[in-house]
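These features come from Swiss-Prot:
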LIPID     2  N-myristoyl glycine
BINDING   24-31, 67-71, 126-129  GTP binding site
């Protein structure tokens, strides 16, 4: 009896670890999001060549977040980060109407990869503070998210610079990754 209570206690209160891959087209705001979550402040960023990785502690969960560069020349490298990924954060610049089709194509190409078949998908519709930003419903439509019948997905409106929506996204991720575990 004591052993089962101990197991229950540790399951409830032990720190959980989750591996998250954050990708998206260049200049979508991935690195700004990562460091807003990690440091709580806005950092000056330059285009990511390669990756940034940080551990973000939130609600007794340790998220290891891999922020991988999004320039078209280095997108083929994304697949090297797929293994053991539990959650995928796809960041979209909601103000970039010219490249939303490109974002959709990259997202669907990635979701067809076998190594990501069990990963849940969180889309951050970023840069919602800009006046011409597409809202979450429009991004959902443009990215073809409703066609993802076999995948847990969610879209969250965000503003990386203010932090708005970021923790709501992490809440959804933690609840949905935990329910699949």
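Each residue, glycine too, has its Cβ placed from N, Cα and C.
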For the binding-site residues listed here (27, 68), tell me which residue's CB has the most neighbouring CB atoms inside 10 Å. 68
Most Cβ neighbours within 10 Å, among the binding-site residues 71, 128, goes to 128
Could you check the binding-site residues 24, 30 and say which one's CB has the most other CB atoms within 10 Å? 30
May I ask you to report the DSSP-based helix, strand or coil state of residue 30 (GTP binding site)? helix
According to DSSP, does residue 68 (GTP binding site) fall in a helix, a strand, or coil? strand
Indicate whether residue 24 (GTP binding site) is helix, strand or coil by DSSP. strand
